[in-house]
Amino acid sequence: MAQAAVAVAEVTQLLCAAGGALELAELRRRLRTSLGTDALERLLRDCGRFVVASRAVVAVGAGREAAAAASERLVLAVSSLRLCRAHQGPKPGCTGLCAQLHLCKFLIYGNCKFLKTGKNCRNGHNLKTDHNLSVLRTHGVDHLTYTELCQLLLQNDPSLLPDICLHYNKGDGPFGSCSFQKQCIKLHICQYFLQGECKFGTSCKRSHEFTNSESLEQLERLGLSSDLVSRLLSTYRNAYDIKNKGSALSKVSPSPAGPQGSSERKDSSGPVSPGTPSQEESEQICLYHIRKSCSFQEKCHRVHFHLPYRWQFLDGGKWKDLDNMELIEEAYSNPSKDRIVYTESAAGFHFDNLDFNSMKFGNTLARRLSTASSVTKPPHFILTTDWIWYWMDEFGSWQEYGRQGSGHPVTTISSSDVERAYLAFCAPGADAQAATLKFQAGKHNYELHFKAFLQKNLVYGTIRKVCRRPKYVSPQDVQMKQSCNTKLHGPKSIPDYWDPAALPDLGFKKITLSSSSEEYQKVWNIFNRTLPFYFVQKIERIQNMGLWEVYQWQKCQMQKQNGGKEVDERQLFHGTSANFVDAICQQNFDWRVCGLHGTSYGKGSYFARDAAYSHHYSKSDTHSHMMFLARVLVGDFVRGSTSFVRPPAKEGQSNAFYDSCVNSMSDPTIFVVFEKHQVYPEYLIQYSTSSKPPASPSIFVALGNLFTSRQ
């Protein structure tokens, strides 16, 4: 472990001293630490501190048309280290719990005006403050010189490099489509040139120079020194490679994925991403698989495993299971333990311990996969993960939020309250206000900071550590919950038009509606309004007690959040392929499995007011098509955007989000839902594109009888 840390530190310093990047062969030549080729490539691939990208090079002396293009493998230094924006802003500024550098931005640019006057800069020029030293140590870069640190920040912190004008890069004329022209506060330079991808070369009509009068004047206004200007091109290119090529090329020599012989995938060969506060759904363990009822099977985007947790380590670009993960989980659930000692390990390696804070297994990365947090699912969902939140008292003991401790007043928030606030903070698009949670304990007021995992007394300034650990579930507990009766106590609340004799404990039943029934006619009329020339062959009601209960629970939650007001609920269409019908009936709509119906208004499940729109997505090799008429809790909606992965926050309300997105606020016809609990697949319509019903033997018999009776 010590040798790996030394190697990471040396590689980082070599790269930053060389302008943030080095060709792989040159890095090997300069490296003093004794590392073999395989060991170095594993280090670069697995530690999360570097990116290996391919960058085109052109042979010297070759013309643009006949240039002998080759490619070099470049290693770039990566870091999550950032400057604190609140510290740069107006007073009172940052409270000091940000885990980011308190440093002047213009010092990084090498051109702070206070350097020339000898006056003290309010934003700080001292890297050696207790706060900054702690931040540097946390990121493992406290050994870098000032110049090396500046290079690392410039190519990783997106707030530092000047913005490129995208309008300048579009349209004709000397300023492209930029209406501000010379008054534009962004740089007028070819964005493809900065990315190393401009195919026009010297004949490009966009500027390729930072030193022309317009660009230089702009850069001087922004405070960049002449030395930094001379390095800008390589820095922009480094930043582009880190942002856009790292995930695809960081694997130096990936191992081929082995065959998946069972539903429990022992090796996960997907791309490795650095840990983030929020758990991606693709790294969640499938709750339906644990209940042995996942209809998506191999197409399921969640992990299939027999436990609600899974401990793995990174080996050769693939995640592999750790041995004795029940013992690891039991230790991890204890907040007083920050590691577990290993005397033996999987795959023939020997490591000393598994560190829960750094998530390192010896020299390599480790991770814990788990089921969804219990606060995101209805109470009757089994084997969700109960996360417990603790704070450390003055005696070094961990106290659970909302529980009575010895000599401590009870907090006004529970673990569930903290968990909900934490997930809101982790959600995409959450603003800065979501990073803190205010509460009381006795007569004292506190603030919990999710970024730093600390709580602060707002009067005395006392700071305490905070910890989040799961409630332990043994394999025996899992078996017991799987086998026990998971039905809710009391009578089931079902629609009065459902068939009570067709309610399976798990799964669903399709009930074919009589064409003469009022229920059939209602569905037919909605469908027929925009598809009058198509023939409805069959309409079935979907009876899935599990999905219905979840839908009703979601409706109650939305109603509470809406101050008790009724939630906007609509009947909307969704066209699909026959291949996905049973999976949708079993587990609801999931665009990651069933496919996208567009991304214009966000990445979610699309529903339409008109059957004619959904028909375009009702794919079939025959004349027979499938379409759902679903109940959808659209709630409060907003116009969508292609970049949305969830609805945005409401204006002025950091923890309140819209419920869905639409194509038009004045006349919405398309709705995008990101949370599947807001949908219930109520009816399945099977229809034909033929305007006449297909002839069947029964029709011929009836016609024959009619003809005979007339003789």
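Cβ coordinates come from backbone N, Cα and C, glycine included.
Annotated domain 'WWE 1' per Swiss-Prot: 308-371, in sequence order, evidence recorded as sequence analysis. Annotated domain 'WWE 2' per Swiss-Prot: 374-468, in sequence order, evidence recorded as sequence analysis. For 494-708, the entry in Swiss-Prot reads domain 'PARP catalytic', with the evidence type sequence analysis. Swiss-Prot lists D610, D621 with the feature ADP-ribosyl aspartic acid, giving similarity to another entry as the kind of evidence. Taken from Swiss-Prot, the feature region 'Disordered' applies to 247-279. What Swiss-Prot lists as zinc finger is 103-128, 164-188, 189-211, 280-307, 281-306, and the listing cites sequence analysis.
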Mapped DSSP class for D621 (ADP-ribosyl aspartic acid), helix or strand or coil:
coil
For the modified residues D610, D621, which Cβ has the most other Cβ atoms within 10 Å, all shown protein chains included?
D610
What's the CA-CA gap between D610 (ADP-ribosyl aspartic acid) and D621 (ADP-ribosyl aspartic acid) in angstrom, rounded?
23
So what's near the zinc finger (189-211) in sequence-distant terms, Cβ-Cβ under 8 Å and 6+ beyond its ends?
55-56, 64, 164, 166, 168-169, 176, 219, 229, 232-233, 236-237, 240, 244
Using a Cβ cut-off of under 8 Å, list the residues of the same chain at least 6 residues beyond the zinc finger (164-188) that approach it.
194, 206-207, 214-215, 218-219
What three-state secondary structure does DSSP assign to D610 (ADP-ribosyl aspartic acid)?
coil
Please give the sequence-distant neighbours of the zinc finger (103-128): residues at least 6 beyond its ends with Cβ less than 8 Å from one of its Cβ atoms.
83, 87-88, 136, 146, 149-150, 153-154, 159-160, 222-225, 227-228
